[in-house]
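Participant: First the structure, then my questions, so here it is.
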Amino acid sequence: TISSTAEKVVYLVVFHLSFFMFVWSYWKTIFTSPASPTKEFCLSKADKEQYEKEERPESQQEILRRAAKDLPIYTTTASRAIRYCDRCQLIKPDRCHHCSACDICVLKMDHHCPWVNNCVGFSNYKFFLLFLMYSLLYCLFVAATVLQYFIKFWTNELPDTHAKFHVLFLFFVAAMFFISILSLFSYHCWLVGKNRSTIETFRAPTFRNGPDKNGFSLGCSKNLREVFGDEKKYWLIPIFTSLGDGCNFPTRLVIMDPEQLTVSSQNEPAKSSGASQPFPTRPLSESQNRLLTSDCQWVESGPEEENVKSGSQHHFI
């Protein structure tokens with residue numbers, strides 16, 4: 001009949017489309033090389049030789065401070081030292097970490113994934129999210145189409161052939177993968193909404209005023225755009241559209257959650273720093289990043305805020 005033919009066509013189109021997007025995203029996640037810091041974060045030959053000659057950590061830190069004075073670095077180690085990779089011999093940008101498996105420093109490293117045999121970071125995080133999403137949809141599609149035969153198997157309405165065991169196996173595999181991928185995908189959706197990586201969830205980045213797990217969060221919508229880009233028509237396609245260069249990220253050093261700050265800042269202007277607010281709520285790189293140019297107007301009210309005015313020209317060490 002015409003209706004059954006149309007259903008078959010729709011089934012085949014959805015099946016092949018979901019499978020194609022799944023394979024495409026998986027391919028991009030695997031074969032996209034992890035992004036590494038640019039040459040500006042590497043020490044000069046003279047600084048490198050001097051750093052290696054020094055034996056005192058204080059003298060080494062002084063060399064790193066001098067080399068990092070013009071770099072857009074706002075985070076430090078827990079002991080307030082410049083984050084330096086002895087293996088790669090470079091100053092680590094914010095959110096950059098060294099991967100022992102890949103043996104390189106990876107920009108905005110999230111984790112090293114054995115399922116894709118690659119680091120998940122700034123260059124392929126969007127692809128990884130799409131891979132999880134299309135894997136989820138693919139498993140759901142397979143489980144939904146096999147469900148009617150699975151029900152017939154338990155009601156003894158399925159013909160007694162070897163195929164019924166294939167149906168049983170296929171349904172259980174699709175359902176188990178769906179449940180496991182759903183938990184992982186939900187977790188990473190939460191991370192995107194908070195603008196955190198897996199590493200930052202377990203170890204909050206340290207800023208001038210101490211660790212702050214929300215230091216890079218700009219609000220849910222802007223956090224989403226930072227990963228997927230400004231043009232929504234490209235969000236579901238595995239092509240690179242993430243904002244920024246992976247080395248410099250806009251930051252908002254606040255104690256409260258940035259989503260709450262956005263609501264409160266629309267009702268009243270920012271007040272001067274005091275005992276109740278130990279550091280300014282103004283973004284450190286507002287003039288450098290378009291993500292921070294539209295929502296809030298900040299009021300200059302003290303010398304401490306003047307120091308933050310030139311955002312990318314200051315670093316916290």
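Backbone N, Cα and C define each Cβ position, glycine as well.
Annotation source TrEMBL lists transmembrane segment at 9-27, 127-151, 163-187. Taken from TrEMBL, the feature domain 'Palmitoyltransferase DHHC' applies to 82-202. Residues or ranges marked as region 'Disordered' in TrEMBL: 265-289.
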Participant: Of the residues in the domain 'Palmitoyltransferase DHHC' (82-202), how many are helix, strand and coil by DSSP?
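Facilitator: Per-class counts: 67 helix, 16 strand, 38 coil.
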Participant: In the same chain, who gets a Cβ under 8 Å from the transmembrane segment (163-187) while lying at least 6 residues past its ends?
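Facilitator: Counting only partners 6 or more residues beyond its ends, the transmembrane segment (163-187) has Cβ contacts under 8 Å with 129, 132-133, 135-136, 139-140, 142-143, 146-147, 149-150, 153.
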Participant: Which whole-number mean pLDDT does the model give the domain 'Palmitoyltransferase DHHC' (82-202)?
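Facilitator: Average per-residue pLDDT within the domain 'Palmitoyltransferase DHHC' (82-202): 90.
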